Every structure is written in C-alpha cells, then in structure tokens.
Amino acid sequence: MDKEEEANNLPPDKPPKSLARPILNHESSSSSSSSPELIRHLQAAFKRHRPLNKMQTTTIGPRRSVVAPQRQPSRSSTSDVQRPQDVVSLSHSLAANTLLTHDSTNLASSSAAAGESTENNASTTPPLISGTVDNMFNDNYNPQVSHMDLPKPASASLRNNLDIGSRDESVSRKVQSLVTVTSNDMEWDAATNQAEASKHQNLQSVVDSEISLKSGYKVSSSLAKMGEFRNFLNQPASQCSVMGSSCATTTSIHSSSAPMLNATTQVSRSYVDPHAVPVPSQGNLASSSRPSFKDSNVLQANKDGPLPEMPASAVVSEVSFKETNISKQQQCTTVVEAPMVSSTHGSDATARAPDDLLTSVSSQPQKPDKQEKVATSKGTSAPRKRNYDPDLFFKVNGKLYQRLGKIGSGGSSEVHKVISSDCTIYALKKIKLKGRDYATAYGFCQEIGYLKKLKGKTNIIQLIDYEVTDKSLLQEVLNGTMSNKDARVKDDGFIYMVLEYGEIDLAHMLSQKWKEIEGSDRTIDENWLRFYWQQILQAVNTIHEERIVHSDLKPANFLLVRGFLKLIDFGIAKAINSDTTNIQRDSQVGTLSYMSPEAFMCNESDENGNVIKCGRPSDIWSLGCILYQMVYGRTPFADYKTFWAKFKVITDPNHEITYNQLSNPWLVDLMKKCLAWDRNQRWRIPELLQHPFLAPPIPPEPRVSSSIQLISHIAESFGSDDRVSELCAQLQARLRVLGGE
Ligand SMILES: Nc1ncnc2c1ncn2[C@@H]1O[C@H](COP(=O)(O)OP(=O)(O)OP(=O)(O)O)[C@@H](O)[C@H]1O
C-alpha cells in the first residue's frame, strides 16, 4: 500500500479532554431534563469530528505566480482544441468580482470594529481596497522566471523545475515532501491537535472563568480571559449572517435545549451590555448579590480548588443553578462583571469592583499585553499593543475569532477551527507571508479572488471574510510593481481567510470506508459511490463553468459540509485565458498521485512541437484518480512509490492502467473515460454526469406489436372458435390503445 494510503489509516479522533470533562460529568449527574440535548449541542460545538489534515503529501508544489497569457492557438489538431465559446478574459472576469468588491457590510463592520479598537494594529486593517487590485488578474503582470519558455525534454525540465523549486520556498517544500515521502508529513498530529484544543478552551472557558472568579482562584488569568472574551463578544457579529443557510456549521447557543450555554452566553454578553444588566454599586453587591450567590452550590464547589482540580460536579451544580434560577443568574452576572471591568483589558470599565475581588486582582501579576511587530502601511515594522491574546484569538477585519484547535496544515498555511462572537464555527486559514517570494504571495491572494468569484456556489467552500495585513506588500504585488520578483517578503504579514467549516474531508471518509471494507468480502457500495461521485463532479463542474481549473483535485480537497461535498483549496488554481481552453503553467502542479500526464509535462513541447498545456482535462484525470481510489481503495499509480517511478509511468502513453474486474462494467468504463492518456479523449463533466454509471439506461419496453402478433397466432390456432377470436380481437385492440398505436 502506498504511503499516502497508509496515511489514511489514522486513529479515530477523540474530543479534547478538557472540553469533554464537564460534559461527561454533567451527563451523569445532571437532573436537567434537557441535558442530553445540551450535551449534544456542546459536543457539536466543541468536538472536532475528525482530524482534517493533509492526506496526500506527495505534492509537487506550484510556483504561485501568474503566467503571461498565451494567446497563440495550438497548432496541433490532437492537442488543445480551441473553443471560441469559452473565450472570457480571466483578468476581467475575476477582477470584476474580486478583492476590490469586498462587501460593503463587511467594510462597515470592520471599520466600526476598528473604531472601537483602542489600538492601531495592522492586523485590524480594513480589507484590502485598492484601485489597482485589478492588476492582480491583469494580463500584463508577469512575474515569471523564464525557464518556462524554453522547450526541453520533459525530464530535464522537470529537474529544472525542481531546481527552481529549491529556490522557491513553496515548491521546495512540496518537492521535499514529495521526494522523501516521509510518513511524518502524512500523519495527522493528533497530539498537537488535542493539546491545542485543551490549551485553548472555547466557550466552556467562560463558564470556567466565572467559576474561577467567584471562587477567588485564578483571578488574574481568568480576568485576562474574561476581558478578552468580553471584547470577543463585544464585536460586531461575524459575517455568517450574510451567508444564510449555506454558511459554516453553526451551533446555536440560543437553543432551548441548551440551557447551560444560554445562561452562559447571557452572562457573558451582559458584560458588554451595560443596559441589559445594570452594574451595581459595591454596596449592592455586598447586600444582595453576594449573599444569594454564596448560598448556591456553585460557590461551595468553587471553594474546592482551582479550576483544573475542581470537581466537574461543580460545573453541573452551576448549570442547574443557572437553569432554575434566572434571578440568581443575573446576580451571578453582576458578581462576575465587577472584577471584569476592573481588569486592565476592559477599556470601557465604568464600575468599581468589590474590594475583595479587586484585591484578588491586584495581588495577582497581570498578564502583560502582548506586543508584536506588525507591518504598517509603509511596510515598516513597529511594535503594536494587542488587547487580546493572540494565542487564543485571531483578529480578522477587527473581528475576533477564538481558536478551538488546529485543523491541519496545508503546504502553505495553517488552518484552525475557530468560533466567532456569534458562536458560529469557522475554519480560519492563516498564511504567513514573511520569507516568501512575491510571486508566491500573489498566488495566495489569487485564492481569495477565486473564492470571491465562487461566492454563493453551494458546492464550493464559502469565504466569509478575509484580511491581508500588509497592504503595501499586497499593493506592490497586485500592481506588478515589484522590482525583484524573486525578492522575499521581509516584514511580518499574514493573510487570514475565514472559511465555511468542513467536518471531514473525502480522504478521511475514504479511509474510514476502506477500513470497513478491508477484511470483509464486501466491495464498495455503489450507491455511496454514485452519491459522492455525482457531488464531486458537480463541484468541479461549477468551477469549470467559471473557467477555473483547480489543478490540485484530490480527496483531501473535498470537504463534507452538512452532508454535501464542497471543494476547497484554490491555492494553485488557474483561470483559463480568453483565447484558449487551456492554461500554461510555469511549473508542474498538483499532488503527484493525482497529476495528469500533461501536468508533468506542462510547457513542454509535444511531438508536433506544440506546447503542452493544462486545462480542464487535467482536472478530469485527477477526478479519474479519485474515482479509482474510491472504487479500489488506492490510486492508479500507488504501486509506483518514488517520484521518478510515478513520473515515468504516468507520462508513458503506452502504460496500461490496471482495472480489476467489477460487477458493474460501467464503472470501469467510467474510470477509463477519465483516465484516457490523451487529454482530448477524456470526457468532460457534462458527459460524465450522463454516463450510464450515474444514469443507468432504462430497459426498453417490450414491444406491443410483438404481443399483438402473438395473440393473432393464438386466435389462429383455435381455428373457428368465434369466442376465442372475439376475445383475441378485444385483447389486441386494448394493447393497441395502451401502446399508443
Ligand atoms: N474550510 C475548512 N474546513 C475544515 N478544514 C479545512 C478547511 N479548509 C482547509 N481545511 C483543512 O486544512 C487542510 C489544509 O488546507 P488547504 O488545503 O486549504 O491548505 P493549503 O496550504 O492550500 O494546502 P495544500 O498543501 O493542499 O495546497 C485541508 O486539507 C483540510 O484538512
């Protein structure tokens, strides 16, 4: 089995213990009738369903740069068929819909948020707005190295590209992983993920913080967290409202079946809404709130010790307390609120805290505000103050997202599971720009452009918000004014992309499926196959209709969102130029096991001297590899382990792919339609959607005329029997009517 298939056999994910603890205890001891629902809600909100990680690491990296438009038509009749109907300019089609057109609502909210902020943090810069962003997709922009123009033998070119890859950080990293194929690359770091999840508590930390505050333990750190969380909740709602039902997995904490979260949220939100819960004077606290609160179980429980040692039953007590006593809940709010506003994090503090709590606060060393260097608009770095903990939160366009754990690392990015202030779960993709070359940075920005273009397409992962922190860098990239395209980004700068959250990717689904099948005499369920294959085709059809070639189709790039597969990762996607149906690239792209022959030989010349280009058929090949893997549990070239072995066999037109016999011959036929070596022989998606495997032919109706004829024979055989003759005649007449004759 290939390592990439081995990598699929990952241990099942476990929920972070720190998150599961109170839930489990609650389950066992809570008297609330709605506890099971509550647990489900909590689990849904906090549990990472499956590790999502990069499954295929034998990736050869792209050089994320724009290629000058290739306008010369192909001269080969067998290579790149010109399709005049496809003619649309990439730069114009994308530019019309790209970064410039950042939602006005988003702008409004981001500027509002920026106004609220007491700092001028580069990470809170509004979304990129530039009159020159058009240039991002401008044909004039050509940061390319010139090797692409030089025809040379494919293998030599490939080496050359690898050499270039060693200069290009993104390529070299991928090539390294590709050549070494280390299992490390392929493993999901369960330990890291779990540690992350434990370290960074989500909403549960609010409950925990409250408990800590009330008990007087961990006051300082709790205050810090509470202050951050207050700011978190104080910000404008995230853009999920824009998305409607198609947005990320949403866990409503306002559900009636989730009283604990409801209560918690009310308490938390009251911190930021002084009108909702009037901040009492110190005397009020002493006279009313505190005594009633002291009577509750929660205070007793909290006295047991700091949070980590605190029995989970304390949490349960607090839950039932909150469920059953709304007035006490408000009192609880006031008790918590006072120290909250006294913390150094609260910029809008208006009330004084009770002395004892203030003492607790001041006796603890305050966590100093984190400082970091961020890029200013002039491209220089200056220390900036943050009023949130960057280990716990991300800030995108002034909105905070709390980290729930790391989902995975792509070739170029980190992806985190986050929760917004309105308690919606998202994936946040963070790309560090520092140290990358400008052309690579350009490619990253292009992904935003594609996702914006594909906004509203239900089978494409939706971009909720984004921010490029270093505007000057980006402008330089987008203007194409970089003096040295190979120069590297020196200043700190990040691209943040807030994305719809996917629960599991197809790679993990497949690995699970094949674990079930292996060892049994079962084969893959054809209906399961049809269901997801159709969705895969439809998703890719969506981008092909938008004249985008994905170029890195693989199971890990299809995410399951509410039961449907959605396409992700347009990091190396390319749009098709206006006068050709193919695109030309400066290097091989894609993930090795799914790469088409032409992707290996991109920009080389074929036997007729025509430049080999990658277009939509290249994606179809990758789809064929995915289907093959779905059917057989391994990719078609899994037996060829090394890069060169794969390269050799995939680029060999005479190599015959092995198709083991299947009960449904249409399935083999379908794979062959996708995996035709000659890209012009491969079917297109509209045809594939009509393939007999998906749309089985209906057996022809038995012909009426033959039945009528049969009846005539019967009548004749009975000779002169009038009754039989009459009956047969009636029968024939009826059949004629039914048959529409
Ligand atoms: N919206 C999302 N929801 C859940 N998980 C996601 C999401 N986007 C990405 N991921 C996870 O993060 C991983 C890396 O994401 P992505 O593929 O976008 O990054 P990349 O840097 O472009 O990676 P690649 O090396 O494949 O180019 C994915 O394989 C997937 O497991």
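Note that Cβ sites are derived from N, Cα and C of the backbone, with glycine treated the same way.
Automatic prediction, not curation, is the source of TrEMBL annotations.
Within the set 108-129, 196-217, 570-591, the record from TrEMBL flags 108-129 under the feature region 'Disordered'. For the domain 'Protein kinase' (401-694), the model's average pLDDT works out to 87.
Mapped onto three states, the DSSP output places LYS429 (ATP binding site) in strand.
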